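Here is what TrEMBL records for this protein:
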ACT_SITE  LYS205  active site, proton donor
BINDING   LEU9, GLY10, LEU11, GLY12, VAL13, VAL14, GLY15, GLY16  NADP(+) binding site
BINDING   LYS105  NADPH binding site
BINDING   GLU190  L-homoserine binding site
DOMAIN    355-431  domain 'ACT'
Amino acid sequence: MEPIRVGLLGLGVVGGGTFKVLARNAEEIARRAGRHIVATKVSARDVAKAKSRVGEAAEVVADPFQIVRDPEIDIVVELIGGDTLARELVLEAIAHGKHVVTANKALLAKHGNEIFARASEQGVMVAFEAAVAGGIPIIKAIREGLSANQIEWVAGIINGTTNFILTEMRARGLPFSEVLAEAQRLGYAEADPTFDIEGVDAAHKLTLLSSIAFGVPIRFDKAHIEGISQLAQEDIRYAEELGYRIKLLGITKARPEGIELRVHPTLIAAQRVMANVEGAMNAVMVKGDAVGATLYYGQGAGEEPTASAVVADLVDVTRLHTADPEHRVPHLAFQPDAITDRPMLSIEDITTSYYLRLAATDQPGVLADITRILADASISIVSMIQKPREDATQADIIFLTHEALERNVNAAIARIEALPTVVSTVTRLRIENLA
Ligand SMILES: NC(=O)c1ccc[n+]([C@@H]2O[C@H](COP(=O)([O-])OP(=O)(O)OC[C@H]3O[C@@H](n4cnc5c(N)ncnc54)[C@H](O)[C@@H]3O)[C@@H](O)[C@H]2O)c1
Ligand SMILES: N[C@@H](CCO)C(=O)O
Ligand code: NA
């Protein structure tokens with residue numbers, strides 16, 4: 001039988017890995033897919049360099065539009081990144097009746113509603129397993145494996161770069177910039193690493209997870225996003241002393257009032273599995289009403305782990321030709337006409353526990369003032385530590401709270417910061433028990 005012909009757009013970290021895995025595992029992949037899957041055409045900015053990598057196995061072209069319009073190409077794999085050229089190429093491929101596989105979460109978080117609508121009209125698939133948590137088959141798990149459930153929440157470490165940075169900062173006390181450079185060298189970071197550091201990449205992925213978990217449109221604009229650039233070494237240290245680790249967590253929750261969608265540094269009790277997901281590893285927990293809590297762990301970034309998901313999508317798409325052409329899993333798990341919009345909640349509407357750190361002058365009455373403000377705002381304290389600062393007239397004070405409404409916490413923080421005895425802003429980190 002004729003092979004399935006794949007056009008690869010981009011031959012960088014993921015494109016190169018995809019080419020390698022397709023070639024190395026060609027026979028095993030064909031046994032699963034029912035046809036051989038061959039990258040016959042590659043588009044790269046540096047044609048000579050790409051030729052030296054792919055040899056005679058594929059034709060290399062400079063113009064990616066030549067691939068998306070090529071009648072010989074069955075599936076287009078978009079691994080260029082960004083949301084401008086990539087959007088044009090993906091829409092053009094769909095318009096030409098081609099299935100698309102992409103690892104591009106930035107593109108789908110921003111233009112996914114449009115892209116999936118066009119794909120449905122054209123009767124083609126846009127597969128994106130590699131876009132969320134790289135090699136971990138989390139899209140497939142939620143969309144297919146958990147389809148019996150009402151999903152209650154999804155929470156995960158879904159950015160390898162920031163998890164690598166947090167791990168190295170905590171375990172080896174290395175400075176932020178040095179660890180970031182290492183993550184870039186290893187191929188984990190985005191072309192613009194501020195996407196990683198500021199939580200944007202995690203929010204892109206979380207938005208896609210939220211949509212397939214709850215059957216809502218992709219609403220990246222509603223995500224609350226905090227990254228790790230403002231996180232201080234001392235908070236990592238104090239958290240550890242209190243029995244917690246800090247992770248950049250993406251959390252999306254379905255509540256009767258609406259959907260929570262938030263990415264922020266989060267304290268997690270040190271003995272929990274999620275707190276021990278280290279280095280560039282990713283982990284996602286999904287809580288379903290029938291199945292309970294489930295956990296998915298693996299490499300969320302890097303050349304071959306990401307290629308693993310790209311190639312699995314290629315196998316899925318190929319099976320449309322070989323198994324049952326009518327059998328389609330809906331892009332966003334729910335039937336297109338069953339996707340219902342729901343209110344998206346503001347961060348002020350969440351209820352969770354908090355870590356609050358501030359510096360105050362060490363004098364009688366300071367603690368009483370602060371605890372009165374917390375009590376007035378219905379915020380109850382679990383524990384407190386006080387540490388002398390370099391300036392011995394001042395102390396760092398850290399509170400852990402019971403669950404409280406974020407709106408109340410904001411109001412209390414404003415009042416605390418206004419106290420003349422409080423000499424710093426209040427650092428607020430959220431705590432999740434993931435139970
Ligand atoms: N690196 C990872 O671990 C990882 C994991 C999951 C998803 N992703 C996503 O995969 C995509 C690719 O990421 P990457 O890390 O491989 O990036 P990369 O920068 O290594 O590769 C991108 C490639 O696209 C090429 N390119 C750019 N413009 C082009 C054009 N006009 N025509 C042809 N080629 C062009 C570049 O030359 C480069 O080789 C991004 O969307 C990224 O977010 C990356
Ligand atoms: N920059 C991303 C790549 C995987 O999507 C990360 O660090 O997780
Ligand atoms: Na994945």
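Just so you know, glycine gets a Cβ as well, placed from its N, Cα and C.
What TrEMBL annotates, mapped onto the structure for a quick look.
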residue : record                    : Cβ within 10 Å
GLY10   : NADP(+) binding site      : 24
LEU11   : NADP(+) binding site      : 27
GLY12   : NADP(+) binding site      : 15
VAL13   : NADP(+) binding site      : 21
VAL14   : NADP(+) binding site      : 29
GLY15   : NADP(+) binding site      : 28
GLY16   : NADP(+) binding site      : 22
LYS105  : NADPH binding site        : 29
GLU190  : L-homoserine binding site : 20
LYS205  : active site, proton donor : 27
Sequence-ordered recorded positions from GLY10, GLY12, VAL14, GLY16, LYS205 with Cβ under 6 Å of an atom of ligand 1: GLY10, GLY12, VAL14
The residue listed as 'NADPH binding site' versus LEU9 (NADP(+) binding site) - Cα distance in angstrom: 16
Of LEU9, LEU11, GLY12, VAL14, GLY16, GLU190, binding-site residues neighbouring ligand 2, Cβ under 6 A: GLU190
Cβ-Cβ neighbours of LEU9 (NADP(+) binding site) (radius 10 Å): 26
LYS105 (NADPH binding site) and GLY16 (NADP(+) binding site), Cα-Cα, nearest whole angstrom: 18
Those recorded positions of LEU11, GLY12, VAL14, LYS205 having Cα within 10 angstroms of LYS105 (NADPH binding site): LYS205
VAL13 (NADP(+) binding site) in three-state DSSP notation: helix
Confidence summary (mean pLDDT) of the domain 'ACT' (355-431): 96
Summary of DSSP states over the domain 'ACT' (355-431), given as helix, strand and coil counts: 23 helix, 31 strand, 23 coil
Env. residues of NADP(+) site, Cβ within 8 Å of mean position of LEU9, GLY10, LEU11, GLY12, VAL13, VAL14, GLY15, GLY16 Cβ: LEU8, GLY17, THR18, PHE19, ALA44, LEU79, ILE80
Length of the line joining the Cα atoms of VAL14 (NADP(+) binding site) and GLU190 (L-homoserine binding site), in Å: 11
